[in-house]
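Annotated in Swiss-Prot:
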BINDING   Y23, G49, I50, A51, K52, S53, L54, E196  ADP binding site
Amino acid sequence: MAHPHLLAERISRLSSSLEKGLYERSHAIRLCLLAALSGESVFLLGPPGIAKSLIARRLKFAFQNARAFEYLMTRFSTPEEVFGPLSIQALKDEGRYERLTSGYLPEAEIVFLDEIWKAGPAILNTLLTAINERQFRNGAHIEKIPMRLLVAASNELPEADSSLEALYDRMLIRLWLDKVQDKANFRSMLTSQQDENDNPVPTSLQVTDEEYERWQKEIGEITLPDHVFELIFMLRQQLDKLPDAPYVSDRRWKKAIRLLQASAFFSGRSAVAPVDLILLKDCLWYDAQSLNLIQQQIDVLMTGHAWQQQGMLTRLGAIVQRHLQLQQQQSDKTALTVIRLGGIFSRRQQYQLPVNVTASTLTLLLQKPLKLHDMEVVHITFERSALEQWLSKGGEIRGKLNGIGFAQKLNLEVDSTQHLVVRDVSLQGSTLALPGSSAEGLPGEIKQQLEELESDWRKQHALFSEQQKCLFIPGDWLGRIEASLQDVGAQIRQAQQC
């Protein structure tokens, strides 16, 4: 085969040629091209007049000498109009029931069927066999059909629990299209003088029959790594738990995996990558409700698990917690010891802060975490002036729990060793301590763990950078994944600076 990167570049240029003169249809063209290159079917949902038929017509030009067939279904459509008329000569002379298929669906590489759900049972049954087995029964003979891409279109979804569901399940890729939205694109579309039916693809980019057949075998050789399978299984398990999730047949999952293999192959890779799984958003939905649900679940998968984002954050949380434990273990050494003032005749003992404590805001660590005001608290932030007044005059004292929110009323006291002790509602106490000196830096154990975590983050980010060069994935999805990885990296760096 050609060098993988050269093949990826060629397919990218082929797609760009097919997209010329079509506005806001790049994603649809690219997925239809991927379907054509892997022998799959596409369903286009949308109102009339939004270039659904033109998309299918364009795909004919992706192949050298490809034949196309298109037909607008009605309730009165007959099999003869789709599969060819009966041969009167064969019936008369030889008594054979045979169709003349030249120029009809059985001899076309690219097929477009508009208003597909209006087709009658006779057409649907034959069409199912054509899609499933790439075969057509013509009289007593079974003939192979060359169909590489079937594009079916409608402005509505099939009725639930109807005889149409079997055909709908065969439409692997499902795209919901709308009118041109962008103002500049709308203007360009109105003023374009390009003949939409002209061939925009140079011969050098068109796919030959030999290449197409060879690629079908090579697509099947693309591997599915264990970690990618685990992501797919995680998605499947999650969908099974959701009451409103669409039913996804085993057949659809299997066909979807081949589409992912094709995406990897035409992106120059030898294995399916997590980024390819984004294509499942156009394969697993059934209706408008499930479309949104599937996109949400895949978004969670991509931004939380595909590059171990959530796993790295969990590890980071454990490291931070361990760091706090180490700090708390040192709290006896760094416990804040207040100074007892003279006051023999005073009714209340008075104290003051040590002279070396000069910050206007003090963050004091709890020797052991306490639950205060329904929050697990590991440190409290005080205003120095408020703490000094309390030490001197008593009364109410407030502090911010874990340094966040509004200052909360606290049960604070000075014990016999002149340490500050905070108590919860059950009067369990925890000594307050000064944080370790910043000059001490991170403990070696914590520093090593953070360095290992940062190294793993860099590996995951590098993997994503290598894999994101995928023609078939929209850029906004790649942007969200990049943002999720950058957020993890920022949290790791912040922990390293503590």
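Even glycines carry a Cβ here, placed using N, Cα and C.
Recorded features from Swiss-Prot, shown on the structure.
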residue : record           : DSSP (3 states)
Y23     : ADP binding site : coil
G49     : ADP binding site : coil
L54     : ADP binding site : helix
E196    : ADP binding site : coil
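With a cut-off of 8 Å between CB atoms and residues at least 6 apart in sequence, the same chain places V180, D182, N185, F186, S188, M189 near Y23 (ADP binding site), listed in sequence order. Each of the binding-site residues A51, L54 was scored by the number of other CB atoms within 10 A of its CB, and the lowest score belongs to L54.
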